[in-house]
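Novice: Marked as domain 'Mucolipin extracytosolic' by TrEMBL: 94-277. Taken from TrEMBL, the feature domain 'Polycystin cation channel PKD1/PKD2' applies to 379-515. The transmembrane segment annotation in TrEMBL covers 291-318, 344-364, 376-399, 419-441, 487-508.
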């Protein structure tokens, strides 16, 4: 209105305005009023955009608005990390209990077990008598379990009845093998015969099932012994936690599928935990799990608050983008470029929302585990661990407000597209070496026995690990394969270490040099930044470079932040 008054007061002294008719003069006043409203809208939009791209500290200095979102993120980091530590300690007790029981069962039920597994199996047998001895050893040890085990382990029962041990043997339906005559007659159809073993009636059981143990090894494929045991994890009492009851599903396999004269014995267990039905603890204070449940509930509340605040910021950004696009289209007949549009789409908010969702799911699973309703420790640990990782990665966003700390973010943003394209090309070569190594060297080298192991071994070679071991462990019985392995390994190491890895590092170094050059000479200007600096004509100005050097403002993918100066310069954070 001051502008209108100024023009109105000066209209009598200005010749052209004084000669206007009353209708033209009123039209002129309406024009000035419309132009004034447009200027006001433009300034409001500029102020809103500047405020949106401010750091939390700058927002507090500008409008005295407390940085609630930053406070919630800091509180969430502390709470989620504490929650993860508490759950991790409990999970370690559970995993160690299962692993130690697996080792206990191997020592109890496997004859001549050395304490260390041989490759992927526990014991190897080479004679018929050794097979019979090991088979009956399992049955005898199972019968004497109550007198042998030093831990709280017993037979599993159902409805007051003992669950029996089950023995199954699988063999070819019919067969006749004469190696000396190079002759065989085999029916490839498999048959399976099973029987149960009651440890309370051993003598009668052996007499009734003598024929079952009359094994024809040239027809035998495997023998499987399965039984269930129950145990109680008492070590949690020391940490004032209620002990869990476990059911162990034990499977002992005598594997003769290869028919090479070597029978491998495997022992596998599957543990299922549940709340004990009848329990009583005396002499120690039981830990009140209600406090932990309340803590987990508070974590869920904080994560929900964080997700709501971030969602609100995303909605606000979309509305600002629509206003900015409409303003450009109406006033300059100019479409907002894709680079400026990406400034409003903050990927950090999406990361925070995803981490909040995973933390909420993990907290719910943790509460169910503490209430003994679930036993999915691994699933819960994945959710909690991934959410904690994302929360700590999200801290980088706030470090990005400081120019000296955001070099890592800017370098990653600049190098990421080139690195992805480069990895796609290098990955084709890597996959070719993986398949080639598996098919040629797999039968002769343990590191190349499976596709996943080949990929892991080659990745270790790229990083310079186990080079000599990889060369030395190859069996040199086949001269052709040995020669091929040398060509294969030397070519892979030379190609990936001296060329691929060097080019990979060069891409990142080039991005880093670009960032340092921009920080020194100024970042490229965009329409959004020129608008925030009131350059209405949006020219490709040289002045922008000098201003960029002062404020560290530049390309949206290369933006940085520091404390706001005294002028109206704005710094974009995406």
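Note that Cβ sites are derived from N, Cα and C of the backbone, with glycine treated the same way.
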Novice: Out of 344-364, 376-399, 419-441, which stretch touches the transmembrane segment (487-508) the most, going by CB pairs under 8 Å?
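Specialist: Result: 419-441.
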Novice: Summarise the domain 'Polycystin cation channel PKD1/PKD2' (379-515) as counts of helix, strand and coil residues per DSSP.
Specialist: 114 helix, 0 strand, 23 coil
Novice: Along the domain 'Mucolipin extracytosolic' (94-277), what average pLDDT does this model show?
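Specialist: Reported value for the domain 'Mucolipin extracytosolic' (94-277) is a mean pLDDT of 85.
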